[in-house]
Amino acid sequence: MEVSPLQPVNENMQVNKTKKNEEAKKRLSIERIYQKKTQLEHILLRPDTYIGSVESVTQQMWVYDEDIGINYREVTFVPGLYKIFDEILVNAADNKQRDPKMSCIRVTIDPENNLISIWNNGKGIPVVEHKVEKMYVPALIFGQLLTSSNYDDEEKKVTGGRNGYGAKLCNIFSTKFTVETASREYKKMFKQTWMDNMGRAGEMELKPFNGEDYTCITFHPDLSKFKMQSLDKDIVALMVRRAYDIAGSTKDVKVFLNGNKLPVKGFRSYVDLYLKDKVDETGNPLKIIHEQVNHRWEVCLTMSEKGFQQISFVNSIATSKGGRHVDYVADQIVAKLVDVVKKKNKGGVAVKAHQVKNHMWIFVNALIENPTFDSQTKENMTLQVKSFGSTCQLSEKFIKAAIGCGIVESILNWVKFKAQVQLNKKCSAVKHNRIKGIPKLDDANDAGGRNSTECTLILTEGDSAKTLAVSGLGVVGRDKYGVFPLRGKILNVREASHKQIMENAEINNIIKIVGLQYKKNYEDEDSLKTLRYGKIMIMTDQDQDGSHIKGLLINFIHHNWPSLLRHRFLEEFITPIVKVSKNKQEMAFYSLPEFEEWKSSTPNHKKWKVKYYKGLGTSTSKEAKEYFADMKRHRIQFKYSGPEDDAAISLAFSKKQIDDRKEWLTHFMEDRRQRKLLGLPEDYLYGQTTTYLTYNDFINKELILFSNSDNERSIPSMVDGLKPGQRKVLFTCFKRNDKREVKVAQLAGSVAEMSSYHHGEMSLMMTIINLAQNFVGSNNLNLLQPIGQFGTRLHGGKDSASPRYIFTMLSPLARLLFPPKDDHTLKFLYDDNQRVEPEWYIPIIPMVLINGAEGIGTGWSCKIPNFDVREVVNNIRLLMDGEEPLPMLPSYKNFKGTIEELAPNQYVISGEVAILNSTTIEISELPIRTWTQTYKEQVLEPMLNGTEKTPPLITDYREYHTDTTVKFVVKMTEEKLAEAERVGLHKVFKLQTSLTCNSMVLFDHVGCLKKYDTVLDILRDFFELRLKYYGLRKEWLLGMLGAESAKLNNQARFILEKIDGKIIIENKPKKELIKVLIQRGYDSDPVKAWKEAQQKVPDEEENEESDNEKEADKSDSVADSGPTFNYLLDMPLWYLTKEKKDELCKLRNEKEQELETLKRKSPSDLWKEDLAAFIEELEAVEAKEKQDEQIGLPGKGGKAKGKKTQMAEVLPSPCGKRVIPRVTVEMKAEAEKKIKKKIKSENTEGSPQEDGMEVEGLKQRLEKKQKREPGTKTKKQTTLPFKPIKKAKKRNPWSDSESDISSDESNFNVPPREKEPRRAAAKTKFTVDLDSDEDFSDADEKTRDEDFVPSDTSPQKAETSPKHTNKEPKPQKSTPSVSDFDADDAKDNVPPSPSSPVADFPAVTETIKPVSKKNVTVKKTAAKSQSSTSTTGAKKRAAPKGAKKDPDLDSDVSKKPNPPKPKGRRKRKPSTSDDSDSNFEKMISKAVTSKKPKGESDDFHLDLDLAVASRAKSGRTKKPIKYLEESDEDDLF
């Protein structure tokens, strides 16, 4: 077809036209891109900025349905429409805040006519013209944008309206919007209607009005803007729920919906709408906890099973997403619940705060000032808590109810579930033929296969036992037997934490190897087929620890899979304990009682060779094969016999059955004691015919032996205060009787060899080290000497050197405390047929009180503090004299703090602190067992650097300690020091701890556990037993001396008759000779006869006969009954010489005299002799210790000057003002409360230390000094009250604090230790520390002069002119001793007037020098105004020689010490003295009644002549002496 010539022209025209249009569009787009809209247009164009989305959304919401009520379901609604309705509704509710008289809101929702109306009878809107805007106020605020009454932020409002948009937005999104309001105040009614999205305003109607105010908003939502046809069911259900919200959250307002009143009476009944028909896991209705906290806050709480849920309102706005108001309340509840859950879930899965919150459903209704939200939709309140304008502190009642409403149980169930999930991850649900990752497992070849039920897993005690089992598998084969070694004891899963179980490799390995699954029930045979092994065989040593391992494995299976025990799933493999052989005969015994029975029924048992098997490692591979070849004899099955088996297993391992366990063990001990008395053999399990065992029998006959031995190892004996390990050490040292020091490591080897010690040598070395320690807080009397670094108070003994480098030997006091003469009266034990240590030693004083004791066994624990040696000795003397013993306070050697009694068996221990100036304090003593380094790290460092929770308190501290003394100089600001003083420096700096002695449990002399209520009960028990044993000793000595005397008499007569020729022995037959001797009336060897009569194997020590004698005995004793005259016929010829004859006669006469002397003595006399010898040696030892301490101190050895300043820095400052620790009423009340309240776990756990107790003010304390209540006790080193004292506060049964009482009492009949003159100083106190780990300390007491703090009463006089300090007065010849004083005497002493000669007398300390059993008058200083004091005294004793003077440090006798301070309430303190007249007078007046402080020199006696003679001298007062106390640390193992 041809193309018309016009065609191209048209096409070109069209192209040009298109180009022009595109260019026009480009020009227009600039204007379109950058447009300006009015606010009304903007709201309609972008509604989501103002009212939220105008699109339909579907989500889960709380709605109200007619047939169901409030429920949580999926709804489809338009958020924008919901919001405009809500704005009008909240405005109506806000009106209640403006007008409290408002009482009604009427809501009408008419879906058919698309009409919503909200009416309230609150105060109407002012119907008045706005002078600025020139229009009526209702028209202004409903028809003009950006208008509001809420723009004044200075005004605190609790309304929902905030930004001035709400009602206008409703107007804009409505086709018709009518406001009608009436104001009685302005007497007008206003009505106006807007149409077309607020685009067109109708005529305003104004009418006169005289009725009640009201406001009514009626609107027709513009459904087209929300893409809706009508108000559907879902949006109506949501709006109805909001009407209910308003009814619940607005107080005292009735809400009507469509003419019907809503059945809601306040917030609590509103909450019920949500929880109606809701039940917890057990089917019970949910408990609701409600509290009206105040007029602005109302809270309800219940349990939630769907995570954290909250329904909350802020000023009637439903904050569906919560906000800070919800967090504020929820966090308070969570914090309390977390604590409760942690307590109840000890050891379970760790629970965090958000996990606790997930179990809570909280309802909050709050009025908050000027709240802020994160959007105009107001779903999340963002205002900070500090701006709320009110607080919501939930009451204790609410919290208590919250704990009991089911939330805690729900959390704990969730914890168990989570734990189970975690545990199940450790198990395999599928049976595997091969297991990887357990290298030490020798798997049975058939394990995990078809025949797995026939397989047995042998669990052995350690690798060596595995080797034995593997040797035996050569006999039975490897197809059906697997072997896995256990590393020691497995966990007690019944009491273990979830974390422990999860991380315990041993348990996880057993589960993996056997194929066990948690929570699976293995009732039937099919379930057993899912396991890799059908049985577990336990193969442990036949000792008590082996029994414990068996018990723990039984407990493990029983706790998790009790059904397995019914299938005979467990069995044990037993091996012999003893084998006897003769020729080719061999017998094996599987229990010692069975062996003993065999011995008693076999007359010639000594001809058999006996071999003891200590563990599986003793058996050879050959023997292992023999055992496995006779599997029937060695395999013992555990048989389930019923509920009594379950009960027995729980009894042994459940924490809840502590009391039952005590009863169980007590019954066992009583039964064993009765059997011994009746001569019956012990019960045993493994006889020749035993093939099975019930769990009940195993627990009650085998495992109980472990529990009992655990107690024996952990709890010392009342008699000697020692545990078996310590007794073995002492036995070995006595036997070795080393004259030279020996290495600790070597001694440990020796102990293991000589005393048959079967445990690790490391623990033995620690026992030796602990027996030798003598730092403050360890031993008061160390039985071994610490030669080398045995540990110090810096680290609590943990800084001891390696046992390879340190040496020890017996203390010179040891054999005086444990006299060899008593050894014959003791019952020695036998182990492996070897004679080892005795059942107990019998010291001359109760060592359990001197060095304290501590240990935790099964069912019981023991905690006894240290007491002062001299106080104990004095009390023993009182008991011997038939008098009542004096009360004692704990005392630790060389401790300078105080120990005060709070209540019976409860004490408070305080360190020492002094104020140097307004910004500096000095800490010169820490509570007992608060170690210097620990204190620095845990108290001072956090105070210096601050922690996350606490700001720094101090600005700096300096350290001036030595290994024996403490000195921290602490700097802080004036304000903080003043505040700390107000609170109490001891409390702030944690210088007070508490000591409770409520678990004084010890083995008595018959081996039964006994709980003592007081220390004096222990003392009386010991006294009776010891006196009885002195009687036994006398009896034995009389027999022995009689026999020796007869022997010497016979020998002397024989020699004399031979010389006279009356007897001829030359060339005569032996038989004839014996006949002649009998005829002439000679006795058969009297000593030998006497020993045989004792029916004792002669002790190795006493049987030191020469080899010749032994040989002679052998040849002589043809018949046991024949007479023995070797003692005569074996005498050497040179006995016939004159010299030897005379010597023999002299010996005979001396022995006879010795015998006569002994006969005249009573057991008490023997005891007193021992005590006197011991005290004398104690003085010498302490003098030497003091001398050693003084080496290098200024003033010693003539080279003092260079070191003087350097040494002074370690001593307490002389100008410090001592802070007296206070015991507050609260502390006493707390102590009383503890007494009334039985401590639940009295037997297993220690009560916490009470640190930081508040103390009384200094002033009150000083006033009290003069006049104390008679009932209270306080420990002072200078005095010891003698009146009856209140019992002291309980200390935690397991707590360790021990303190050693300062000792020389005025009642003491023991020569006091030497004491040096002191510098004016304040009283120092004894502090007891709470956790000493060991039971012994034998440190000798040392006196220290360097550590006293001057008394706060006269700091300015702390140093007087040094003129006379260096002059050493002659040793005083005599010292009065004070004895038998009543506490009341203290009150009678009136201080002398300042003018009295005594007052001018330079510090002279009266030393009380007691002498046993004698009361002598004390010479008192004749001060003019001094009242008479009771005078009692003792023999005077000369000062020890060689004491050196120390001008600066009052080190010696030569200085005149100040008199002790007056006795106050019973308190253990180091003695101190003041130069000030007043204090001096007080001391003088008190001197007689007060006990002499520990360490006080025997040579300082206040004597009239001396006092007068020296008063002219103004000697410089000495620095106070510090007493370092030691506490025992022995049972770390």
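Including glycine, each Cβ sits where the backbone N, Cα and C put it.
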If I go by Swiss-Prot, the feature region 'Interaction with DNA' sits on one of 220-229, 710-719, 990-999. Which? 990-999
589-621, 1183-1215 - the range that Swiss-Prot marks as region 'Disordered': 1183-1215
Which stretch, out of 1-22, 155-176, 947-968, is listed as region 'Disordered' by Swiss-Prot? 1-22
Most isolated by CB count within 10 A, of the binding-site residues Asp541, Asp543, is Asp543
Given Asp541 (Mg(2+) 2 binding site) and Arg804 (site 'Transition state stabilizer'), what distance in Å do their CA atoms have, once rounded to a whole number? 31
Of the recorded positions listed (Thr282, Arg804), the greatest number of other CB atoms within 10 A surrounds the CB of Arg804
Rounded to a whole number, how many Å is the Cα of Asp543 (Mg(2+) 2 binding site) away from the Cα of Arg804 (site 'Transition state stabilizer')? 30
Inter-residue C-alpha distance, Arg804 (site 'Transition state stabilizer') and Thr282 (phosphothreonine) (nearest angstrom): 65
For Arg804 (site 'Transition state stabilizer'), which of the three DSSP-derived states applies: helix, strand, or coil? coil
